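Trainee: Sharing the record's features from TrEMBL:
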BINDING   CYS29, CYS34, CYS37, CYS59  [2Fe-2S] cluster 1 binding site
BINDING   CYS99, CYS102, CYS134, CYS136  [2Fe-2S] cluster 2 binding site
BINDING   LEU246, VAL247, MET248, GLY249, ASN250, THR251, GLU252, LEU253, ASP354, ARG416  FAD binding site
ACT_SITE  GLU1212  active site, proton acceptor
Amino acid sequence: MPSLPHSDELIFFVNGRKVIRLTGTKYFCGGGGCGACTVMMSRYNSTTKAIHHYPATACLVPICSLYGAAVTTVEGVGSIKTRIHPVQERLAKCHGMQCGFCSPGMVMSIYTLLRNHQEPTPEQITKALAGNLCRCTGYRPIVESGKTFCESTVCELKGSGKCCMDQEYGSLVNRWEKMCTKLYNEDEFQPLDPSQEPIFPSELIRTAEDPNKRRLTFQGERTTWITPATLNDLLELKANFPKGPLVMGNTELGPSIKFKNEFHPVFISPLGLPELHFVNTTDDGKHLLFQIRCAGYSLAQLNDALHFIVLEQPKEETKTHRALLKHLRTLAGAQIRNMATLGGHVVSRPNFSDLNPILAAGNAAINLISKGQQQIPLNGPFLERSPEADLKSEEIVSSVYIPYSAQSRHFVFGLRMAQRQENAFAIVNAEMSVKFEDGTNTIKELQMFYGSVGPTTVSASQTCKQLIGRQWDNQMLSDACRWVLDEIYIPPAAEGGMVEYRRTLIISLLFKFYLKVRRGLDQMDPQKFPNIPEKFMSALEDFPIETRQGIQMFQVGGQDPVGHPVMHQSAIKHTTGEAVYIDDMPCIDQELFLAPITKALALPGVVDVITAEDVPGDNNYQGEIFCAQNEVICMGQVVGTVAADTYAHAREAAKKPRIITIEHNLFLSDEKKIEQGNVEQAFKYVDQIIKGEVHVEEQEHLYMETSPILALPKEEDKEMVLHLGTQYPTRVQEYVAAALNVPRNRITCRMKRTGGVFGGKVAKPAVLGAVSAVAANKTGRPIWFILERGDDMLITAGRHPLLGKYKIGFMNNGVIKAADVKYYVNGGCTPDECEISLCFASTQVVEFIVLKSENAYYIPNFRCRGSACKTNLPSNTAFRGFGFPQGTVVVEAYIIAVASQCNLPPEEVKEINMHKRISKTAFKQTFNPEPLRRCWKECLEKSSFYARKLAAEEFNKKNYWQKRGLAIVPMKLSMGIPTAYYNQAAALVHIYLDGSVLVTHGGCELGQGLYTKMIQVASHELNIPQSYIHLSETSTVTVPNGVLTSGSMGTDINGKAVQNVCQTLMAHLHPIIRKNRKGKWEDWIAKAFEDSISLSATGYFKGYQTNMDWEKGEGNAYPYYVYGAAYSEVEVDCLTGAHKLLRTDIFMDAAFSINPALHIGQIEGAFIQGMGFYTIEELKYSPEGVLYSRSPDDYKIPTVTEIPEEFYGLGEAGMFLGSSVLFAIYDAVAAARRERGLAKTFVLSSPATPEMIRMTCVDQFTDMVREVPVVVIDFQVVVSNQNKI
């Protein structure tokens, strides 16, 4: 394939969208961190005569490196046009997708595993999926689809082999009518037949076995790619091009080229050289050595080799190898492990490396070759990039020597702490080894290496020198901690922040190493070296990675299509990659690509620059500025755009955005308030009053598909057609019309599907659409505007951060008499959406927070106020739950604070203050809390809450460094919007003469299965099979003035509109049906046409008549409420801040489900997204407002290993129930603090990151970092300072 002028894109990144029309492989991040672009690579090994299949992320695969390889994309696995593969079928029928954007990558990960293991274990399924992100499903159905290929499966309940219905949930069958746990029928699955898989091309085998291999050269205009034929050829090339990088897996170089704008004129790729793929064991006369010819050996191959070694050799001789294996399990995902090479990893020496420090601690060495050969130790100077220990430019790594442990008193351990357990760079890692004098605990040799504490891996060499000859005891540990903190300095303004936390981890991990060695010494000689206390044993092991299990229960109806689990309408297309997203659409003649810009036109391929001067209409519409003019009000604001002939050229012309300072104490709207009773008077007659505040940070949507837009200008009448992913086509139409100064009837917005939204595509696509339309209008050419992940995260912002302040008056028995709560949200630089349009944003999020601020509790004297603050940050926008997940955390926090002050269990105080009978909200809306009470009771009972609480208390008594906590939270969630006209909907249905039916409505398919459910509704009302009905897309042409699809109301209101139109059509057909009751549907339709009866109609739902009078502070703000409760149990590592979610139970009463399979997917997906929000998802900014977290490498969402070990759900739940994990963590931290004699009331804001957990579990190590006087660190944990926070 020829390279484009002045572009290296085609050389370096596989992308078939515009070349060979393979669109199934999706683009999400461009850095290999998400798995959406997973493909299967297959290579033939001429030495072993074996074919090796492995997963890879296509975004990092250099296309020139594919010589000799077979690449299988999702299209090569199966297709609806030919035959779908069992992997694709089962993922679809197990409901393992929602938006579908990640589905091709999931298919390829499972498919590649099956090519290597036809009957995988559940553990292998989980491991294979660890490199794939999903924002919708919560992973459980994806894993479940993979587990259908396992050799044997039993009921999910605890692996007992007994049916879950006979266990603790079985009684619900008797109590709840028509309960079911079956979401799919395994009998429908086609069997896996390995003989039907594609055969590896014979020509590639002949190429691999050709003895006369020759150098390959790919020449571009600016770049040359060279693949040497032999090792001597490689050495010659390296001598001729000493600065030319060696490219193997491209996992280090690829992101640097893409995101850091690195450029290299020559690349050398020795991939496939047999001399660099070799493993053997040798004896140097002193001890055994494990040798890896490593330049082409992937980390996955290293893992296999290490497994073989540890099985073959005695345990005491393979301590380094076992430490490497431990870290390889969590290092990246399977894709990156199969691409990255050990040689490349060793030479690149990333400061976050988990492997290099272990190799150094294990006294490994590397062999270098150029004109000659030399061996250098893989030690501290090498890792710290000391000039005297560095490689020469012409040298390459030929092999790595890993010595076996020479003696039993040699210990090697690797420890790490990351934001999540798997596929995340370490916050701090520590790799240490110690050797003792024979028969003693006297230190003979000691090495300590730390990663992620500086620009390179750091060796604590001076500390180690001072400790030689010391006894392995508490005094040594105390001195070691002080000395290592002195030696390893992390400056206050260090990159990555978290300075106190990282310094605490330095000595906490050292303490773990100390304990591990103490245990090892005890195992060798229990009499001489007593073991550590039993209470400390839990500190020795990391949380295990286990396969998740659970059950899902739901109510079903009869044989009617409504009420049954039905597969998503596009499920098969999702899994085959044939579902078309905006970026998958074919090329268009004269197309241009748009990118946000801040600089000039005189660059290759640039056709035009579009600024505020080019906006024909209103550039500042309802407070939203399309292109900055005169001033830039936030980092990430669009100053203008550049239109270029290729996407690469557009990106190249758009660089270096400006930095804007932050303003304070400005508000975007008036304060909102609700109040009941006499708050001030009530405070005078309570036993106790507490005050506090809670911070809830923001959340990034991280939908799989960034905001996509295709703007097509028409040649006449100033018409414009936009294809885009949005939740609100009407709003896009409105903004585009305003920008172009044309009537709305000239603007058509078409929306078929989009790869995830979660509220993030309500308002922002309108601004981006206007920008795209202005560019299309000016150039007169089609415009593609598809944001890169980093730009999308910067420009579109996310969930509103919140500060909640409270004052609570209560009695000693836990009854709350008065509450005064004030919320402040960070709205960003603009309202995002004004009150006229009401599309959810800063003003509206405050209203929602205030209206929902009571949650499930009745407080007779209650006042809540809220304000949206203006800052010079991108305007925050709608997000799932829209304010409720933030605001209600404050409510639960003050309930727990009251419980703590009264010395009562939180669940008791919650129940005391919970609504108990038909009641009114603070804004005087009546509701019945009976479903809430039922869900609460069922959740307590079926989760075995009290038994598990006793078990957790017993566990905590026996374990000092690990604590368990549990929490149960109730939920009263209002549905809909307080403005009546935003609850309306319309639909259009055509019946064609063959009997087929086309349904159109104003709702948008976002992955929630809205189209599928509308087909079910139409099938029910028309009494015809679902196969007769088709739903194509949402368009402003077919159904005008559609409201936003959000707030869980899409199915509700659009379903009523579809029901209405179908009933209208059935009324038309009724006379014909009455005359021919035994006739067929097709006969009735034909007769209706003959009788000139209309077979097309519109339907309408006026909407729920909601209202809210803010001046009076009262109204019927919501049409109805849904109720629920969730229980979660966690285990916390007090030394690192890590936590593990052990179990979750969810109960919801959300009325009757149209499609339980899709609703359960929404339950679990929302819960896991909420769990991420409350625990690990953390955005970081500079003081100037520059967003640092702009990729999945920097912003961590839950992976498949973060979901609960046991997951039980009943009904449809909201995102807020994920806060049960937050408060379970709070409970565990409280247990640790009680044991340490610390203050029982403390602030644990959201998210409860590892940093927050660790630094709240105050102990001698945090005191040492904070320079609080500490005595000798002892097993008894004696601390000199008792005045703790």
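Using the three backbone atoms N, Cα and C, a Cβ is placed for every residue, glycine included.
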Trainee: Rounded to the nearest Å, what's the C-alpha distance separating CYS136 ([2Fe-2S] cluster 2 binding site) and LEU246 (FAD binding site)? Just drop the number here, would you?
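Mentor: Approximately 38 Å lies between the Cα of CYS136 ([2Fe-2S] cluster 2 binding site) and that of LEU246 (FAD binding site).
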Trainee: Please work out which residue of GLU252, ASP354 has the most C-beta neighbours within 10 angstroms of its C-beta, and give that one of the binding-site residues.
Mentor: ASP354
Trainee: Can you name every residue in this chain, apart from CYS29, CYS34, CYS37, CYS59, with its Cβ inside 8 Å of the center of the Cβ atoms of the recorded [2Fe-2S] cluster 1 site?
Mentor: LYS26, TYR27, PHE28, GLY30, GLY31, GLY32, GLY33, GLY35, ALA36, THR57, ALA58
Trainee: Compare the Cα of GLU252 (FAD binding site) against each of the binding-site residues CYS29, CYS37, CYS59, CYS102 and report the nearest.
Mentor: CYS59
Trainee: Pop the Cα-Cα gap between CYS102 ([2Fe-2S] cluster 2 binding site) and CYS37 ([2Fe-2S] cluster 1 binding site) into the table, whole Å please.
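Mentor: Counting only the Cα atoms, the answer is 8 Å.
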Trainee: How long is the line from the C-alpha of CYS59 ([2Fe-2S] cluster 1 binding site) to the C-alpha of ASN250 (FAD binding site), rounded to the nearest angstrom?
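Mentor: One finds 10 Å between the Cα atoms of these residues.
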Trainee: Whole-number Å distance between the CA of LEU246 (FAD binding site) and the CA of CYS34 ([2Fe-2S] cluster 1 binding site)?
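Mentor: With the alpha carbons as reference points, the distance is 25 Å.
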Trainee: Pairwise over LEU246, VAL247, MET248, GLY249, ASN250, THR251, GLU252, LEU253, ASP354, ARG416, annotated as binding FAD, what's the top Cα to Cα distance to the nearest Å?
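Mentor: Among the residues the record ties to FAD, max Cα distance equals 29 Å.
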Trainee: Near CYS134 ([2Fe-2S] cluster 2 binding site) in space, meaning Cα within 10 angstroms, which of the binding-site residues do we find among MET248, ASN250, ASP354?
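Mentor: Cα filter at 10 Å returns nothing.
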Trainee: Please identify, among the binding-site residues CYS29, CYS34, ASN250, the one with the smallest Cα-Cα distance to CYS102 ([2Fe-2S] cluster 2 binding site).
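Mentor: That would be CYS34, nearest by Cα distance.
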Trainee: Judged by the number of other CB atoms within 10 angstroms, which among CYS34, CYS99, CYS134, CYS136, LEU246 is the least packed of the binding-site residues?
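Mentor: Counting other Cβ atoms within 10 Å of each of the binding-site residues CYS34, CYS99, CYS134, CYS136, LEU246, the minimum falls on LEU246.
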Trainee: So of all those binding-site residues, CYS29, CYS34, CYS99, which one's Cα sits nearest to ASP354 (FAD binding site)?
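Mentor: Considering only the listed binding-site residues, the nearest one is CYS34.
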Trainee: In whole Å, note down how far the CA of CYS99 ([2Fe-2S] cluster 2 binding site) lies from the CA of ASN250 (FAD binding site).
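Mentor: ASN250 (FAD binding site) to CYS99 ([2Fe-2S] cluster 2 binding site), Cα-Cα distance: 30 Å.
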Trainee: Might you list, by sequence position, any residue in that chain lying six or more from CYS29 ([2Fe-2S] cluster 1 binding site) with a Cβ less than 8 Å away from its Cβ?
Mentor: ALA36, CYS59, ARG789, SER1191, PRO1192, ASP1193
Trainee: Cβ within 8 Å of the [2Fe-2S] cluster 2 site centroid (CYS99, CYS102, CYS134, CYS136 excluded): which residues?
Mentor: MET97, GLN98, GLY100, PHE101, SER103, ARG135, THR137, MET704, GLY755, GLY756, GLY1007, GLY1165
